[in-house]
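Peer 1: Pulled from Swiss-Prot, these are the listed features:
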type: BINDING; residues: SER205, ASN319; note: ATP binding site
type: BINDING; residues: ASP216, ASP218; note: Mg(2+) binding site
type: BINDING; residues: ASP216, ASP218, ASN319, ARG341, TYR363, HIS495; note: UTP binding site
type: COMPBIAS; residues: 615-624; note: compositional bias 'Basic and acidic residues'
type: COMPBIAS; residues: 627-640; note: compositional bias 'Polar residues'
type: DOMAIN; residues: 421-495; note: domain 'PAP-associated'
type: REGION; residues: 544-787; note: region 'KA1'
type: REGION; residues: 611-659; note: region 'Disordered'
type: ZN_FING; residues: 14-44; note: zinc finger
Amino acid sequence: MELDKDIQTTQKGFHCNLCHVNIPNRPSLEDHVKGKKHLHLLRLRAQRKTQEENSVFVSGFKADTSQTELKEYFQQFGLVTDVIMDKQKGVYAIVEFSESQDVQTTLAQPQHQLNGLKLRVKPREKKEFKLASRGKQDCKNTLISLDKLNFELCKAMSVNEQIQKVVESLELKDNEKKVRDLLVQLLQEVFTEFFPDCQIVPFGSSVNTFGLHSCDLDLFLDLENTKVFQARAKSSEQTGENQSEDCRSEDSILSDIDLSTASPAEILELVAVILRKCVPGVHKVQALSTARLPVVKFSHKELNLQGDITINNRLAVRNTKFLQLCSGIDSRLRPLVYTIRLWAKQKQLAGNLSGPGPLLNNYALTLLVIFFLQNRDPPVLPSVNQLKNMACEEEECAIEEWDCTFPSQPFSVPPSKNTEDLCTLLFGFFTFYSKFDFPASVVSLRDGHVLPITDFLKSDMEALKTADASSPKPKRSSAPRLGPMNVLDPFELNHNVAGNLNERTQKNFKRECCEAEKYCRSLQYQRKSAKGKSWGLVRLFAPQSEAAASSQPRAEKVLEVSVPFKPASLPESLRAQLASAGKDFRGLWFAEVCSAVQKVFNEILQCSPTEETQSLDKTDKSGSEMEVNNNRSLEDTNIQVKGEAGKKRPLSVEEGPSTFTITQAKRQRLDVDLEHPEPLHWTWTQRSRVWAGRRKVRRDLLKTSDEASKPEGGCVDMESRVTQSIVEKEEKLHDALEFKVDAEVVGGNESTKVVLRFHPSIDTAGVFQDFFHFLESFLPKMAETIMGRAEDITDMS
């Protein structure tokens, strides 16, 4: 057996540099290189290498630039498979193409511009393949052996007991809390010397009752009293002439800065100096004054702690007290949060900052648990508005003009009438979110129920216009940043705490909830195994196995393509219409998607309609016409239903098939149920292999076209030209491909999306599977691009 580059010979046998394991002899080595772990890492390394070769590094764009805008721009150079934004937002992005040749085409362009700014585009940095050390990750996370925990869980007699054991394994111990308290006292003493009357206030996981081993120590340096002290000192014109040298050195730090006028960056630099020079054991001090939330980071050697100090984070302190209150109101909250956090970490949904892509943070996950408990019947926890009404006058609180009022003590809140145990509630959590329509919903802990996405679709400017001019809370009028998952902070109501997530993470969370819900229905979850097998939480915490992953390709046999609802990527005019439509928004959006899908088939791919699109709408039998005002003048989107319901007639290519008429009427007249629109049906024919060789044709067109850097119609125009070139140059199919497409909008008890189901009716040449495979990625992206560009097209017309 010839050794490959990953295998190194040692005195005691062999060492696999890829898997970081020692192997005693050659037979064991042969087994190792054929094993699942080694083969998996080989595939993963090859995949990472391909991703690097097919990607470019992009910077220089505006901070509010969306993934959709970047994707649309770079689509003109090749098929974009993914756009990964940096976690701080607005600094850089990685644009991944389907082929490395597309990267060369992109880099060959002398200049790239987007939204008036010149982009910096360069090849993606090639990094040596390395798996993050588990030990390094664990020091920032749970620092427990899952094998050891599983052993303890299997000894438990019930799921309820297992959940309590999870809490005991993960929670901060009393000695850890005491160590943190001592460090807070030390910092208080030191900073009081320099900032008289200041306060060091701990917040976050260390004190919110959900702390984990080795979690960071978050601190808020409150300087309000110090500002008053400094103002008094100036007014009395006190001097330091009679002070000792040591006192003068300390006072000189404060005298060098006016806290009332100093910038946060200046104050943070001063905080960093004090930490470096005056606090024993502190090292690795770093002031991050340009971050979204300016902070000073530090480490303490002897205590093995990492800490953050902020100077303007009162809302976070109030959030911490809110979580403390919720834990005190009902003792079931803490065990559920610890269990669900560990489950989410094991499924790579949350907690692991080195994981793939943006993940749920622990705060967002905790709010999801609280919201679920607010929606039990009867509720386990009250809404924030209900808590506000239970507070007394002395407990009223407003921070940065946000109402943060709630009782200071749990005994002010009546106990819940809900008697469900932890086992049932955990099952209920997965059931609740497995059926949750994340794209069309906004989670509101303040209201205690879901808010429709249409309430947030108006632009900030429109919201400001409609806001009460006399309102003392202008921040309420600004809208939260919408995304695939929308979870409002209970107090800062324009902050989406899950705004960092992308569609992939939201889908993964929903999928894992569905899998967990199925498992929790089984006896393996509910009853202890009499044969000593894994049961209950042990199997629930198991990472997704390769066997489970291998079962996913079966779903590919279902000929379906989905277009997800992405309100953030829609043009402003359409967002305003959807907002006005309220609960009927799905019908309007469905019409837009169908119009875009028709344009992809009819204009971009040059498919021909063979019979009129038929709808099963409940219209008057004598005939009807449905008009939907969308205040836009898109070409070829005028679609009309006339004549008797169910009748068909041949259509010319120019007319195109459809069900709806989207006109420029000034008022809406709806003759069908837009809240639950009926399915649409198309039948198309295709006489050319328009899916074959598109990348090569696109590259050739970019090389020969004078408009390569700025195609007039963007990627939509370019894809149309690619199709036309294929139709003109390539041999046509001997027998035309004919296929049916059924379009249906779903939502409510599942994520809002348009599902397109395909049925090949004539496929003599056996090419439909290739065509469908091409459409799986091409059709949703092009439809979303067309809808996202609609406003620009209107402006140009």
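Numbering starts at 1 and runs along the chain as displayed.
Cβ coordinates come from backbone N, Cα and C, glycine included.
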Peer 1: Pull out the binding-site residues from the set SER205, ASN319, ARG341, TYR363, HIS495 whose C-alpha sits within 10 Å of the C-alpha of ASP218 (Mg(2+) binding site).
Peer 2: SER205
Peer 1: By Cβ count within 10 Å, point out the most packed of the binding-site residues listed: ARG341, HIS495.
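Peer 2: Counting every other Cβ within 10 Å of each candidate, the maximum falls on ARG341.
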Peer 1: For TYR363 (UTP binding site), just give me the three-state DSSP call.
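Peer 2: Note: TYR363 (UTP binding site) is helical by DSSP.
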Peer 1: Roughly how wide, in whole Å, is the group ASP216, ASP218, ASN319, ARG341, TYR363, HIS495 that binds UTP, by largest Cα to Cα distance?
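Peer 2: 23 Å is the greatest Cα spacing among the residues binding UTP.
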Peer 1: In the three-state scheme derived from DSSP, which category covers ASP216 (Mg(2+) binding site)?
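Peer 2: Assignment for ASP216 (Mg(2+) binding site) reads coil.
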Peer 1: Taking Cα atoms as reference points, rank the binding-site residues ARG341, TYR363, HIS495 by distance from SER205 (ATP binding site) and give the first.
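Peer 2: For SER205 (ATP binding site), the closest Cα among ARG341, TYR363, HIS495 is found at TYR363.
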Peer 1: Let me spell it out: for each of the binding-site residues (ASP216, ASP218), count the other Cβ atoms within 10 Å of that residue's Cβ, using every protein chain shown. Which one has the most?
Peer 2: ASP218
Peer 1: Measuring Cα to Cα, tell me the gap between ASN319 (ATP binding site) and TYR363 (UTP binding site) in whole angstrom.
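Peer 2: ASN319 (ATP binding site) and TYR363 (UTP binding site) have their Cα atoms 10 Å apart.
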Peer 1: Among the binding-site residues SER205, ASN319, whose Cβ has the fewest other Cβ atoms within 10 Å?
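Peer 2: With the binding-site residues SER205, ASN319, fewest surrounding Cβ atoms within 10 Å: SER205.
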Peer 1: Name, in the order they occur in the sequence, the residues of the same chain whose CB lies under 8 A from the CB of TYR363 (UTP binding site) and which sit 6 or more residues away.
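Peer 2: Sequence-distant Cβ neighbours: ASN319, VAL497.
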Peer 1: If H, G and I count as helix, E and B as strand, and all else as coil, what does DSSP give for ARG341 (UTP binding site)?
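Peer 2: Note: ARG341 (UTP binding site) is helical by DSSP.
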Peer 1: How long is the line from the C-alpha of ASP216 (Mg(2+) binding site) to the C-alpha of ARG341 (UTP binding site), rounded to the nearest angstrom?
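Peer 2: Taking the Cα atoms only, ASP216 (Mg(2+) binding site) lies 16 Å from ARG341 (UTP binding site).
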Peer 1: DSSP on SER205 (ATP binding site), three-state: which is it?
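Peer 2: Its secondary structure by DSSP: helix.
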Peer 1: Count the residues of the zinc finger (14-44) that DSSP assigns to helix (H, G, I), to strand (E, B) and to coil, and report the three numbers in that order.
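Peer 2: Per DSSP, the residues of the zinc finger (14-44) fall into 17 helix, 6 strand, 8 coil.
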